[in-house]
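Feature annotations, reproduced from Swiss-Prot:
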type	residues	note
TOPO_DOM	1-8	topological domain 'Cytoplasmic'
TOPO_DOM	29-622	topological domain 'Lumenal'
CARBOHYD	86	N-linked glycosylation site
DISULFID	165-402	disulfide bond
REGION	176-285	region 'Catalytic subdomain A'
REGION	348-410	region 'Catalytic subdomain B'
DISULFID	393-474	disulfide bond
CARBOHYD	476	N-linked glycosylation site
DOMAIN	506-622	domain 'Ricin B-type lectin'
DISULFID	509-527	disulfide bond
DISULFID	553-566	disulfide bond
DISULFID	597-610	disulfide bond
């Protein structure tokens, strides 16, 4: 049978050839025929018949073509990709010689103050030294005396990262992009600012470092003016740009980004030190996916001794970014599913939010995603806003554990803010109105200042940001909670009661006291109407929550009133009787487990046998 098919093959080819020649002849004649048909109506029917014949012939030719043996497999069609692949890059991996730092460190004295990242130590102080130290703390909120005596180019000792980080190789294709390092400062100490700069120069491969841009947010200190300009000229790739008016971190970073020339923007604070191999893992992840915003593993530089908390070879317990319903950024340990997903320290950590001080991002993606909200003022809320925006609009936030950068964490800011701290509330309202949908109500219940701004619409024009959300086809906030941060407890959108709990006997309000994260006694305090320590919710599950940040519940244990972590978490959980409360019409607040009622007798909240005639047991949500 196969032999017979092969013998007939030439005949089929000849038939196809003849049919094709006849088709060309008729097609040539067709042009003149159509022109004549328009003038001679009697020819129209013949032309239409010829069209039908041509259709039949074409169909026959297609059938013959399809019935012929497939002698050659076609090459697969090229698939479109989101980003073009660089065809000029070399195969293999970057060598240590290629990743040589921009500058080699000068010889180090191992006995120098703070050498190898060790703590600054001093046992004897003169009166002048003590005065200098105290003035440094007052001015910078860290030990500037110690910083000033540590080398600007100090080494941090050997590379102590886990072996998989030290041995990590980076592919040449796609190539690692160049980066512009942007450092914003305002009246920063000379030593911490310059140590940050030198740290970048000594740890960053020359082929990857395009420039270091120092953005001055209207500093008033003389050493940060002409002296700084002259000093950085010797550093080749360092330049200073300035905001003449104090506009804050957000605007300053936008200024730095606008003049940056590299493919990737890397933002650092002005009191950092970079560890071995900090940049390459960040750039490698962006080379894999330009929609990923990556942060280093941020470790502590002690604000008193400037000791650098070095990574350890066995790895450490990692944290990721979170937020609470007052829209404050925080840290939390990794959930089990994230620990299981990561095989070793080279695997990135998915993070619902990021600190926002230290990160790298593709410049083109930064612009695509909407940079920063340029109507936000000074500082505050911009990191949470960007976190929501990146995730909801198709990007990702990741922490790269093999990238380690130290940061001086201060307990308070040494700087004053134009317009006061109300700018933070205004920034938070802007992010809530654009990204949080109906969940913004949860925030407004906890921040009455923000709620008032929202009601009065005194937070500026957000039309451009809403248009950006629409243009990028971003997900809603419910999607974010379900897919990015399912561990987040979502309070009732409409709790049964909320606000301050006022006692009719004392005219004071129930208050959790300062810094009560659970375990401390509650107090009675003058009602201030600002929420905060006096904010409570009576939920549909019948628990009484103080949940500005942590979810804390009132409970009764051994007859005593207490405040602790809530047992109801929304999934496969229930409210225990000692946390369940009944708000009766007689204004008593009765605990279901003990059967006793909340009282303010002796101006201290406690439990007592229920007595509706006692005004100290009568409460009202206000």
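Positions of Cβ are set from backbone N, Cα and C atoms, glycine also.
Counting residue by residue with DSSP, the region 'Catalytic subdomain A' (176-285) contains 45 helix, 32 strand, 33 coil. Rounded to a whole number, the distance between the Cα atoms of residue 527 (disulfide bond) and residue 165 (disulfide bond) is 54 Å. Taking all protein chains in view, 27 other C-beta atoms sit within 10 angstroms of the C-beta of residue 553 (disulfide bond).
Geometry remark: residue 402 (disulfide bond) versus residue 509 (disulfide bond), CA distance 49 Å. Using Cα positions, the member of the disulfide-bonded residues 393, 527, 553, 610 nearest to residue 476 (N-linked glycosylation site) is identified as 393. Each of the disulfide-bonded residues 402, 474, 566 was scored by how many other Cβ atoms lie within 10 Å of its Cβ, and the smallest score goes to 474.
With a cut-off of 8 Å between CB atoms and residues at least 6 apart in sequence, the same chain places 500, 502, 507, 508, 509, 534, 622 near residue 527 (disulfide bond), listed in sequence order. Checked against residue 566 (disulfide bond), the disulfide-bonded residues 393, 474, 597, 610 differ in C-alpha distance, with 597 being the nearest.
One residue stands out among the disulfide-bonded residues 165, 393 for having the most other Cβ atoms within 10 Å of its Cβ: 165. Taking Cβ-Cβ distances under 8 Å and a sequence gap of 6 or more within the same chain, the neighbours of residue 597 (disulfide bond) are 588, 589, 590, 591, 607, 608, 609, 610, 611, 617.
The average pLDDT the prediction assigns to the topological domain 'Lumenal' (29-622) is 90.
In this view, residue 476 (N-linked glycosylation site) is surrounded by 15 other Cβ atoms within 10 Å of its Cβ, with every protein chain counted. If you measure from the Cα atom of residue 553 (disulfide bond) to that of residue 474 (disulfide bond), you get 35 Å.
Ranking the disulfide-bonded residues 509, 610 by the number of CB atoms within 10 A of their own CB puts 509 at the top.
For the domain 'Ricin B-type lectin' (506-622), residue counts in helix, strand and coil come to 12 helix, 43 strand, 62 coil, using DSSP.
In the three-state DSSP scheme, residue 165 (disulfide bond) falls into the helix class.
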